[in-house]
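What TrEMBL annotates here:
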type	residues	note
DOMAIN	161-293	domain 'Nrap protein'
DOMAIN	298-427	domain 'Nrap protein'
DOMAIN	444-589	domain 'Nrap protein'
DOMAIN	610-806	domain 'Nrap protein'
DOMAIN	808-963	domain 'Nrap protein'
DOMAIN	965-1099	domain 'Nrap protein'
REGION	1-31	region 'Disordered'
Amino acid sequence: SQSRRRRVDIPNTAQSEDDVESSMEASKKDNVLRPLKMSKGDLYKAPTVEELNQLKEAESLFHCSLLKMQMEELLKEVALSERRKKLLDSFVEEINDLLQSVPETPVVELTDVSWLEDSAIDVPFTMVPEVNGKFHMEPPASVDLIGSYPLGTCIKPRVTVDLAVTIPPNVLHPMDGINQRYPRKRALYLAGLAQHLASSPEVGPLHFSCLHGNRLRPVLLVTPSGKDSSVTLRIHAIPPPDFLKPSRFHPQKNNIRTDWFTERTEPSTPHYNSTVLGDHLPRPHLQFLTAHSDQCPAFRDAVALLKVWLRQRELDQGTGCFGGFLAAMLMAYLLSTHKVGKTMNAYQLLRNALHFLASTDLTKSGITLAKNPDSKAPSLPEFHSAFQVVFVDPSGHLNMCADMTACTYKQIQYEASQSLQFWDDPTLDITSAYYTYYTNMPKLQASCKKLSLLGSLMDHSGNYVLAVLPFTLSLLQRGLGQRIRLLVHSLPKDPEWSVYSEPPKHKDQPPLSFGMLLNPEQCFSVLERGPPADSPEAAEFRQLWGSLSELRRFQDGAITEAVLWPGSSTCEKRKILLKIITHLLELHADIPNSSVLFVGGRVHEVIKLRKESTGEEESLKVVQSFDDLSRKLWQLEGLPLSITSVQGAHPALRYTQVFPPEPAKLESSFFKKEKTLNALLPQDWKACPHYINPVKVICHMEGSGKWPNERLAIRHIKAAFHLRLGELLKQQHDYMCQATPAHLDVWKDGLLFRIQVAYHREPQVLREKVTPEGLLIVRDNPEAQALEVETQHKPFLTSTLHGLQQQHPCFGAVCRLAKRWLGAQLFMGEIGEDAVDLLVAFLFLQPAPFTPPSSLQVGLLRFLHLLSSFDWRINPLVVNLNGKLTASDCTEIKNHFIASRESLPVMFIATPNDHKASIWTKTGPSVPVLQRMVTVAAESLHVLEAQFAQPSQNHDIRVVFRPPLEAYDVLIHLKTKQVPLAAQAVDPSPITFPRGISKGEGGSLGGAFPVMDFDPVKLYLSELRDAFGDLALFFYDPFGGKVIAVLWKPKAFEQQPFKTSLMNGRKVEVVNEVATTAPNVEAIVEDFRIMGEGLVENVEPRTEKWVV
C-alpha cells in the first residue's frame, strides 16, 4: 500500500487470483501503465449523474480524486478473492469433519500426560506448579467460525481464520477457574486435538502459538498439506456458554490462591481473570459486531482500512496490541454512540475513528459498549484501578484492553494524530522515528524481587517481562520527563512452535526495546532541576535519583534539588539519555549497565574529529570567527565604495561541513620559506602538509555609475578591491592577507577565509553581447550562471540552512553523516555538497508523516530511505525553504517538470529561488551513477536496519561506509603519506605522519603565508579527468580516501575512424586496409602511474573485467 499507486482492474472471479497476482507482478516489473482500450464515443461521452456525484464526493471528502482511487485500490488489494474464500471454506469443512471424530480417552489426573506420549505431542503450557484435577478427551460440543472471517473484515496478506472449538462440559469442573486449572485443561484439549489432526493426510505441519502473546491462551495453527500454505486456521478451545459466572472474574477478585503460588497474602488477579473471561465471549462478540455491520454498509471496508493502518505501524501483533478485533469493536462503538453515521463511506469512518483515537485518552476516561450491564459488573473506576487502558465489551465484565500499556495507547494516539495531519500519505511506517534501547530478559527476572512484584508476577502466570514492564515504563517516564515527547515499547511477538516441541520459556523472548521520540529543545539538557529543598516533592525527587541528587543554588536565588550530568560537548550530551536510563534501571530494578544496549549510538563515530567531539563546537568557532571578520569588514575605513553585504558561502558556516576547519597552529620548521612571495611551501621529502580548507566569503560592493559595463574591466576593478581590502585589513587589524585577481585570502584565528568581491550586475553584463551591427543581445551562458550561483544562490542557501540548523540542532550532523556516506561510497564527485544539504533539508522541512529527526541514526536512515525510494523519473523534489512556496507554486513546478522532463537533470531539486532549472544538480549525478547510488543506498539501509534490529550482536557500523570495489575496472592506490586528509578515512591507517601541525603554541610564521588549499589528490584527479574524461569515470572519497576507482565508459571501447585530432589515449589498428582507433589501455594505465609519480603507490588493473 504505497502512496503512489497504479490502477489495476480486478477481473471477474472466473480468472484465478494467481493470474491476477502474476499480471500485477508483470506490470510492476516492466513499469508500464496499460490504459484501457475505449472507443472514441466512450472516451468523449458526457459524464453520468452518478459519475458527477462521485467527482463531487472526491472533491469534498478526499481533497483529490487520487486519494479516493488509492483508497479503492487499497481495499481491492487487501480483500480476499473468491478463490481464496473457496479454499478457506473447503478446508474449514475438512477440519470440522475431522474434529467431530476426536476419540474419547480415559479419565486421568491433570498432571498425567502419558496419553500423549505415543504421538510425541507436547502440551502448549508450562505445567508448574502442579494442580489437582481430572481430564479426558471427548469430541467438541460445537465448532464455530469466529473473528474477522465470518464478519467479512479479514484482509491480506496474513490471512488467518479463527475456529472456536467448544470444550465439552464433562471435561470441565465448575471450580476450574481457580489456580490455572481451566487454562491447563484448555491447553491439554488443544494438545489432544493436535494429536488427532496430526494423523490426517489433509493436514500440514501443526504449530502452537499464543493469542496476542498471552501464554494462558495457546492456540493451534493448522495449515493444509501440499504447497498451498496461504490458508491458516487458528483453533481456539473455549468453554461452554455460561460455564463460569462473569462476576467471579471481577478485576478486584482473586482466582489464583497465593498459598498455591507463593504462600503469601492474596492480591487481586485482574489479568488472569480477564484472560479466562475472554474465552467465554467470542460468540456474543461476533453476534454484536455482525448486527452493527449489517446496519452500516461501509462497516467492513472501514474496519479493513483501520486494520491496514494498524498493520503498517506494527501495532496489531503481540502482547497488548490493538488488533483487528479491537478495531472492529471501536468502529461498532462509534456507530452505537452515534459518533459516526450509518451512511458514511469507509474513508469517513476511518477518519472519524482516527480522530476519536487521537482525541480520546482511554488511559484516563475509559469507554464501554455495555448499555445495561448487570449489577455485578465492575464500574469504569474499578476497571481503571486494575488496568492502564479501559475499553469494556458489551457484557460489561471484560476490559478488552486489559493487556495494553498506557505507552502503547499513547503511541496509537500519536500515530493517529500524525496520520490526520499528513493524510496525503497515510500508509507510511513510523517505527524508525525513535531512539531505541534494549534490555536483556534474564535481568528482568531479578527485578521482580527487587521491586516486590510477586503479586503481579502471579497475575501474569510467571511472565516476569509483563510483570516488570509497567513499572519500568513508569520509571523511565518519570526520569526522562520533558526530554521526550513519547515513550513506546516493543510488543513481544506471538511465539510459534511445533506441536512436538516444548513451549518457549519466558527467558527466550527477544530483548525488550524502548523507543523515545525526543524533544529537541530539552533532550540533551545537562541539568535536571528538581523541586525546592523544603517542598514535600523533594523527598520523592531524591528517592528517584538517589545519590546523584544534590542541593544547588541558582542565579534567581532558589535553592532546589538538582542532578547535573557531565557534558561539555554535543557528543557528550548525546550520552545523557543513556546515562539517565542506565542509572534509573540499576538503582531501582537491579538491571546492570551491561544489560542495556543503545541502538545506533555509534553512528557518529565516522564524523568524529577527536575522542569527544563530533564537530559541532568546531563549526561554531568557524561561525564566530566569520561573524567577527564580517563586523570588521563592515567597519573598514578607506574603501572607495561601501560594502552592502558580507555573506558566507561555505558548508562550515551552515554546520554541514563533514569535517569543519579547525584552528591550525602551524610549525614553521616543517616548511620551507619562499622569500619573494613571503609564503611557506611544502618540502618534497616530507609528508604532505596539513590541509587548510579556505572558508569562502562573498563581499558585495554597492552599486555605482562608476562601475564599468565591460566584463574584463569589472574583473580589474574587483582585483583592485581585493588589493585594497588586504591593505586595510593588514593596517587596521594586522591580519596576514594574500590578494589574487579572483579573491583575497585572510589568515585569521588559525583559519583561512577566502573573500570574493561581487558586483550585483556582473552576471547580467556577462549575458550581454553587442553585435557588429550595434545590437545588444542578452543570452544566458554557463559563465554567467556559474557566477550567479557562487555570488547569489550559495550565500542565500548558506544563510537559510544556517537558520534551519538553529531550529533543528541535529540538522548539520545529519548532513555531515549523509555526505560522509556518499563520500565513502565514492559518489561525492558526482553530486555537489549543496544538493546533499538540500536533500537532508527536505527531511526536516517536509517530514510527513514523521516528525523531523532528532537523532543522527534516524536522520541517516531517513536519508538512505529517501535516496533509495524517491522516484526521480516522474517527480521533482520540492524543498520549501522558509515556507516561501505556495500550493500554486508547487503545482507550477510539477507541471513544468512534466512538460520539460527530457531536458531537465535526472535528479531535479526545486527551491523557492530555483523553480525550473535545478541549478544544484545540473552537473550530476548522471543516470547510471544515480541508479548505482539508489542501489547502494537501499542495501546500506537494509544492513543498518538489520544491525539495529539485533543490537546484542557486536556489529560494525562502518560496514555501510566501506565501498564495494568489485565493480570498477582499475584501482589506483595512493600513498598515505601524501594524502593530507588520511586521518579522516573510515578506516584510518595506524601509521600517522607529521603534517606541520603543532600541539602546543606553534612556531612563529614570521609573516609568511601558510600552505593553503593544497590537496595533491584533488589536483591529480583534476588532471586525470582533463586527460581521460572521455574514456573513463574517476571515483574517489574526498575524506581521506586512499583509492581512486576507475570505470571505463562503454562507448570508449568502440572502434572509431582514424583522425589525427582524436588520438588522445588511442592506438591505430588497420583491418582490411581500413585504419581505426581503439583505446591504448596499457599506455593509459601507465600514464596513470606517471602522472601520479610520488603520490601513486600502485595501479591495479582488473584484467578480468576487460581485455587488455
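Every residue gets a Cβ built from N, Cα and C, even glycine.
In summary, the domain 'Nrap protein' (444-589) lies against the domain 'Nrap protein' (161-293): three or more C-beta pairs, each 6 or more positions apart in sequence, are under 8 Å. Residues of the domain 'Nrap protein' (298-427) grouped by DSSP class, helix first, strand second and coil last, total 64 helix, 5 strand, 61 coil. Counting residues of the domain 'Nrap protein' (161-293) by DSSP class, helix then strand then coil, yields 49 helix, 29 strand, 55 coil.
Break the domain 'Nrap protein' (444-589) down by DSSP state and the numbers are 66 helix, 32 strand, 48 coil. The helix, strand and coil residue counts that DSSP assigns across the domain 'Nrap protein' (965-1099) are 37 helix, 36 strand, 62 coil.
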